[in-house]
Amino acid sequence: MAGGSEKSVFLKWSWFLEWLTPDRATLKHIEDVIFQGRSRFQEIAVVRVSGEGKVLVLDGKTQSSESDEFMYHEALVHPAMILHGSPRKVLILGGGEGATLREVLKHRSVEKAVMVDIDETVVNVAREHLREWHRGAFDDPRAEVVIDDAWNYVASKAETGFDVVIADLVDPLEAGPATRLYSEEYYRMVKDVMNPGGVFVTQAVSISHLTEYHAIIRNTVARVFKHVESYGVYVPSFDSMWGFVVASDDKDPRILGDRGFFETRLSHQLQGAELRFLDYASMLHMLNIPKMYREAIAREKRYATLDNQVFLPA
């Protein structure tokens, strides 16, 4: 689940103005407002947008769109799951729409998937209005939905022994609830609830519009895990190449670029489950970030701690 910004506005509920950066915005035509409300944590809306279908909007920021959510969620979930090879127990941090859970449960080895989201209202709205996203995943007997703060859940070690941890969190905005969830301290706590040989993956903001912030997330993860790799995919509803960071102490993510490795594991793990976006060609493309972004990522040396937090521009 990406995003979160106060600089977005519905104009007479006909047009949706969304700021991607302080100097870049998109304008989308709204056909219908399906749901609008507020939880304890954020403004929530489900709208129908021309050319995109249903769109989940939190605090004025697009989280995912019916037309292309599968691109984001398949890209977030499957590389980490394939890298591990046979994950039995998976932790999802965030992911209130249920689509991340949906993708995790496609893997034949999964015996239990725990989804932790702070906002019960978002989960309930998704259950009712975003069935195209979760497709019944909330009711799968392997799924457990926990309403809790992702920091508290991990810090308390309410459960351990996870093979894969997937962070599908809102962006680290200064006024937002997720900033500390991108810190070195948090990533170390996450590692403590993982099994040896586990794999961690996080959404890591826009590579094309917020390159330095993607690099900071990568650098922070790299202080905790031995092997770290960035990858990205252009998501039309985000108008951006969206970034991800995958990491492990034991498994080098670059092996995902090996065709035999990738296709053998994908076929074994999914056993015919439908993927609309991800195959070997797409994986190879995601790993090959354009040169100018790779160079910018390499130049950035900052990382985030609780005492030295880095916020996205509001």
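Note: Cβ is positioned from N, Cα and C throughout, glycine not excepted.
Listed features, source Swiss-Prot:
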type	residues	note
DOMAIN	13-249	domain 'PABS'
BINDING	Q42, D117, D149, A150, P177	S-methyl-5'-thioadenosine binding site
BINDING	H73, E97	spermidine binding site
ACT_SITE	D168	active site, proton acceptor
Given the recorded positions E97, D117, D149, D168, which one has the fewest other C-beta atoms within 10 angstroms of its C-beta?
D149
Which residues, in sequence order, are found in the same chain with Cβ within 8 Å of the centroid defined by the Cβ atoms of Q42, D117, D149, A150, P177 at the S-methyl-5'-thioadenosine site, excluding those residues themselves?
F41, G94, I118, D119, L169, V170, A178
In which DSSP state, out of helix, strand and coil, do we find P177 (S-methyl-5'-thioadenosine binding site)?
coil
Relative to the Cβ position of P177 (S-methyl-5'-thioadenosine binding site), how many further Cβ atoms are located within 10 Å?
18
What is the separation, in Å, between the Cα atoms of D117 (S-methyl-5'-thioadenosine binding site) and the residue listed as 'active site, proton acceptor'?
10
The residue listed as 'active site, proton acceptor' and P177 (S-methyl-5'-thioadenosine binding site), Cα-Cα, nearest whole angstrom:
13
Surrounding CB atoms that lie within 10 Å of the CB of Q42 (S-methyl-5'-thioadenosine binding site), all protein chains:
19
Give the number of CB atoms, excluding that of H73 (spermidine binding site) itself, located within 10 Å of its CB.
26
For S-methyl-5'-thioadenosine, whose listed binding residues are Q42, D117, D149, A150, P177, the greatest C-alpha pairwise distance in Å:
16
